[in-house]
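Here the structure is laid out as C-alpha cells; the discussion comes afterwards.
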There are 2 protein chains.
Amino acid sequence: MALANENYLKTPEIYCFDEIEKRVNAFKVLHPNAKVIRLGVGDVSRPLPNEVVQAMHKAVDEMSVLDSFRGYSPPQGYDFLIEKILKEYRSIGVFLDKDSIFVNDGAKSDIGNIGHVLGRDNIIAISDPVYPVYENATIMSGRAGVLTDDQKWSNVVYLRCTEDTGFVPELPTEKVDVIYLCNPNNPTGTVMKKPELKKWVDYAIEHQSIIVYDGAYQAYINEPDVPRSIYEIKGAKKVAIEIRSYSKTAGFTGLRCGYSVFPQELLVYTKYGEEVPLIKLWSRRNANYTNGVSYIVQRGAEAVYSRKGKAEVHELVDYYLTNASLLRNELLSIGFEVYGGTNSPYVWFKTAYNQSSWKFFQQLLYENHIVGTPGVVFGSLGEGYMRFTGFSSREDTLLAIERLRRGV
Amino acid sequence: MALANENYLKTPEIYCFDEIEKRVNAFKVLHPNAKVIRLGVGDVSRPLPNEVVQAMHKAVDEMSVLDSFRGYSPPQGYDFLIEKILKEYRSIGVFLDKDSIFVNDGAKSDIGNIGHVLGRDNIIAISDPVYPVYENATIMSGRAGVLTDDQKWSNVVYLRCTEDTGFVPELPTEKVDVIYLCNPNNPTGTVMKKPELKKWVDYAIEHQSIIVYDGAYQAYINEPDVPRSIYEIKGAKKVAIEIRSYSKTAGFTGLRCGYSVFPQELLVYTKYGEEVPLIKLWSRRNANYTNGVSYIVQRGAEAVYSRKGKAEVHELVDYYLTNASLLRNELLSIGFEVYGGTNSPYVWFKTAYNQSSWKFFQQLLYENHIVGTPGVVFGSLGEGYMRFTGFSSREDTLLAIERLRRGV
C-alpha cells in the first residue's frame, strides 16, 4: 500500500497567494469594470532588459545550428555565467571558488530543496512574519512537530520580527541548527546592517548552525553600510549558504534563473559529530535531481553583467524602488506607520484603525480597488499589517496613491 | 549543530556518467589527436526544430515589450501548452483532466521529487539494470536500508531485467508499494507490450501500489501494439503517474521541459488507511518548491505540436532511430548478442569474450576510440553488457560502425 508523506497534509491546502487570487477574482465577478491595481504578489511588470533579449535571441539561433547546438548543461551551470557571478562578488570584496556556485531555476526551489540534504532532527528557526515557503518547507520535511493552539509549530523556533525588534528578526535564545534569514527582509522591507548580521554569523559559528541566507532582494540595497552578501561578514563562509535570483533584479520571474553558493568551508555534522562539507551532499543532490538550467536563460543571465546590461538592470531596480518610495511617502503622509521601501521593493505598514489584515485587505479591495498582501499570511505576528510592493507600473502606483489620498 | 542527511553519504561520490567523463578525459590527455566517438550518455546532437526556434524568438520578443511581457508562469504551466498535451493524449484514446498535467523542467527532477510526497516506509521496487537516478533517489530519501555484500540495498526490491526475462523487468513476488517502470526501457532498449504492461497495472491495483511510469522515450515507439502511455491500460489512472519529456523527442536536453501526469483518481494512503489523492500532495509541493518553467521554453514546447513541428520532431526521432538500427545491425552481423534499438534509441549488447563492462569499456575506448556506457553502472545485473545510443551524428555513427567492423 503506497503511503503518503502525511507531513504534506499539514500545510495549508491553498497557498496563501492563491487565496488572495481567489478573493480578487470574486471581487472582479461583482465589479467587472473596476480597474484593480495590484500591489500584492511580488511579480515584476517591466519588460526584459534589451541586452538580455539580444543575448537570448543569439542563444536561440545557436541552438538552431548543428555546430553551435548545446545539449545538457554542465550540472552546476555554464562557466560563462559562473565567471560573471564570481566577478561581481569580487567587486564587493568577496572571493569564492568556482565550484561553490550552483546555477538554479530561481531562489524558491533551493530554499525548499536545502531541507533534503539536512538531517531530519535539525531545529529550524524562521522569523515571524516570514516568506511562507520557509515554514511550509519545514512542515513538509517533517521538522515542524505539531500545530499548537496559537497556530505555531511545536518544533519550529520563531524569531520575533516586530515593531519592538525594528522589524528585523531577533536572535534565538535557545540553540537552533538551521536559520532562514532574508535580507532585505520579505515581507517587512527592512535591512540588517553589518553589525547586526555579524551577530547571526557569530551565533551560527558558536552553535555550529547553518544560515540559509536568502538574498533575493540584494540589488535593492542603496546604503553602503548594508551588506549585499553575507560573505562580507568574517567567518560567514563556514556557516552560510547564500541564495540569489535574477527574478526581482533583471525581471526573470518568467524566465527562471538564480544561483546558490555553497562554500567549501561550510560544514554540517553526522550524528556522531563527524564533519561533512555541505557542498558534498549538495553536489550529489544536484547530479541526481536536476539536469541544469536552460542554456538560453543562462545566456540571458550572463547579459545582465555586461556594461549595458548593468545599466538597464540598475534602471529597472530604480524604477521599482521609486514606486516603493512613492507608496511609502504617501502612506506616511496619510498617517500610517510605515517600514521598508528604501532598501527594498516592499513597504510594510500598520492597517488603518487596527483592523485585522484580512479585513483591511477586503476594505482596500472593495473601496479602493487596490490589492495588497495581508500581513497575517506571513505569520501571526504579521497580523494587523499589510504589504505593498513597488513592482507595479508607475502609472498604477500613482493611481493607487491618488486613491489612497482620497480616503482609505 | 546542523546535522547532515546521512543518506546522501551512502550514494556514490561520483555520479556514474561523470566517472565515464573522467575516463574519457584521461584517454584524451594520452591521445590528444584521437577522434573519440560518443555513443555513451543519452544526449542529443541535432539542432532544434525550426518551429521551436521560431516560437522561442517570438516569445523572447514578447518578453521585450511591456504589453506582452509575462512574469510568473501559472504554477502547473501555461494553458496553451497543457491543451496541446491533452490533445495529443486524446489522439491515442487517453482522456485526461487539465488539472492533472504539471509542466516541469524535464523528467529527471520529478523522478526524484516524487519521493518527497510519499511516506518514508514505502517499499520501492526498481529493475536491475536501471536508470541510476531511481536507485540514488531511493537511497537519498532514506528508503534503501543497508548495502549488502552483493552491492544491493536491503530494503529495495530489485526486479530482474535480464536475458531470461527478455530484458523487461519481472513482476515482484513480494508486496511492494512504489514501482519505477521505464518503457521503452533505459538502458536495455526493450519495450513492454500491452498485455505485459497490464500485468503491472493489475499488480498495482491489487496491492494499492503506485507506478512511477517514465515515458521519456515514448516517441521512439514504432510498433502499434506497444503502448505509448500507461493510461492506454484500463485502470492505470488509479495507480500510475506518467513522466514525459521533450529532451529526447524534440532535442530539449539543453532547454529543459517536460511534464508529469497526476490523475485525480490516483490514491495513496495514510498510515490509518485513509485515502489521499496523490495530486493533492503534489500540488502543494508544486506551489512551494517551484515557480514554474520558463515562458520561452514553454512556447518552444508548444511549437512541437504544430503540423510542421510534428514533422520536424518525427524526422529527428527517425534520425536517431536509424542510427540505433545501424548500430544494432552491425553488432548483430559481427556476432554480438543485441537487444533494443528498434523502439528505442538504445542498443544493449553483451560484451565481447564475456569481459566485464568496464574492461570492455576501456577496450572500446583505447582500441576503437568509441565511448559506450558500461552496463554495470545501471546495476549489477547489467554486468557483462554495454549500452550504445543512437544520439550521435550519422557520420559518427557510420564511423563507429566502420571501426567496429575492423575489429573489436
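Heads up, the Cβ atoms here are built off N, Cα and C, so glycines get one too.
Predicted automatically and left uncurated, TrEMBL annotations should be read as such.
The model shown is predicted, which means the values in this text are computed figures rather than measured ones.
When other Cβ atoms within 10 Å of the Cβ of B:Arg387 (substrate binding site) are tallied across all protein chains shown, the result is 27. Sequence annotations record features per position, and here TrEMBL assigns substrate binding site to B:Tyr15, B:Gly42, B:Lys108, B:Tyr131, B:Asn186, B:Asn291, B:Arg387.
The domain 'Aminotransferase class I/classII large' annotation in TrEMBL covers B:35-390. Summed and averaged per residue, pLDDT over the domain 'Aminotransferase class I/classII large' (B:35-390) gives 96.
Look at TrEMBL and you will find B:Tyr72, B:Ala107, B:Lys108, B:Tyr131, B:Asn186, B:Tyr217, B:Ser245, B:Tyr246, B:Ser247, B:Arg256, B:Asn291 tagged as pyridoxal 5'-phosphate binding site. The secondary structure of B:Ser245 (pyridoxal 5'-phosphate binding site), as reduced to three states from DSSP, is extended strand. Cβ neighbours within 10 Å of B:Ser245 (pyridoxal 5'-phosphate binding site), excluding its own Cβ and spanning all shown chains: 30.
If you look up TrEMBL, you'll see B:Lys248 marked as N6-(pyridoxal phosphate)lysine.
In this structure, the C-alpha atom of B:Tyr131 (substrate binding site) lies 15 angstrom from that of B:Lys248 (N6-(pyridoxal phosphate)lysine). A 10 Å cutoff on Cβ-Cβ distances gives B:Tyr72 (pyridoxal 5'-phosphate binding site) a total of 18 other Cβ atoms nearby, all chains included.
Within the set of recorded positions B:Tyr15, B:Gly42, B:Lys248, B:Arg387, the entry lying nearest in space to B:Tyr72 (pyridoxal 5'-phosphate binding site) is B:Lys248 (CA atoms). Taking every pair among B:Tyr72, B:Ala107, B:Lys108, B:Tyr131, B:Asn186, B:Tyr217, B:Ser245, B:Tyr246, B:Ser247, B:Arg256, B:Asn291, the residues recorded as binding pyridoxal 5'-phosphate, the greatest CA to CA distance is 34 Å. For B:Lys248 (N6-(pyridoxal phosphate)lysine) paired with B:Asn291 (substrate binding site), the C-alpha to C-alpha distance reads 24 Å. The C-beta environment of B:Lys108 (substrate binding site), restricted to residues of the same chain at least 6 apart in sequence and closer than 8 Å, consists of B:Val133. Around B:Gly42 (substrate binding site), the same-chain residues at least 6 positions away in sequence with a Cβ under 8 Å from its Cβ are B:Asn186, B:Lys248, B:Pro345, B:Tyr346, B:Thr389, B:Phe391.
In the three-state DSSP classification, B:Lys108 (substrate binding site) falls within a helix. All protein chains considered, the CB of B:Lys248 (N6-(pyridoxal phosphate)lysine) has 26 other CB atoms within 10 Å.
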